[in-house]
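**Q** Sharing the record's features from Swiss-Prot:
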ACT_SITE  Asp118  active site
ACT_SITE  Asp140  active site
TRANSMEM  6-26  transmembrane segment
TRANSMEM  39-59  transmembrane segment
TRANSMEM  65-85  transmembrane segment
TRANSMEM  88-108  transmembrane segment
TRANSMEM  141-161  transmembrane segment
Amino acid sequence: MTPVRLGVLAGIVALVLDQVTKLWLLYGFELARKGVVQVLPFFDLVLAWNTGISYGWFSGQGPTGQILMLAFKAVAIVALAIWMARSTTKLATIGLGLIIGGAIGNAIDRLAYGAVVDFALLHAEIGGKIYNWYVFNIADVAIVVGVAALLYDSLIGLPAAKAP
């Protein structure tokens, strides 16, 4: 399988997993009605509607802000797709595919609901104090793993084979 096809496949898998989990948690599991659901001592399911970007930055910007964020995301997705089409390593194309799939998943939420559906909360109690990570979703995980793959590929990965 060519590197680009691997990237496209990674993006499709990330997008499908993201949307299926969100739809199931919203409409099958009814997370909104259940509130906080403890899965493990350090992991809860909790519904959060993120109208901003990472960590809720730029939330509350209204319809104009939502349109601007979607437009920026569309441009970024096109740029990442061009980069993926030109990439020569499998790891880079997989990483770019994961980022694209995650970005599209969150963009679908923004179009459908006016906010991104976040649901996973990691936390730890240390010395009697509770520390929470931000609430995230599968698309966010795909984006982070994709960025990590790109960093690894560019800093440590094997050089791409040269064409004859």
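Cβ coordinates are placed from backbone N, Cα and C, and glycine is handled just like the others.
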**Q** With every protein chain in view, what's the tally of Cβ atoms within 10 Å of the Cβ of Asp140 (active site), excluding that atom itself?
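**A** Other Cβ atoms found within 10 Å: 20.
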**Q** Under DSSP, is Asp140 (active site) helix, strand or coil?
**A** helix
**Q** Have a look around Asp118 (active site) and count the other CB atoms within 10 A of its CB, chains all included.
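**A** Summing over all protein chains shown, Asp118 (active site) has 21 other Cβ atoms within 10 Å.
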**Q** In whole Å, how far does the CA atom of Asp140 (active site) lie from that of Asp118 (active site)?
**A** 9
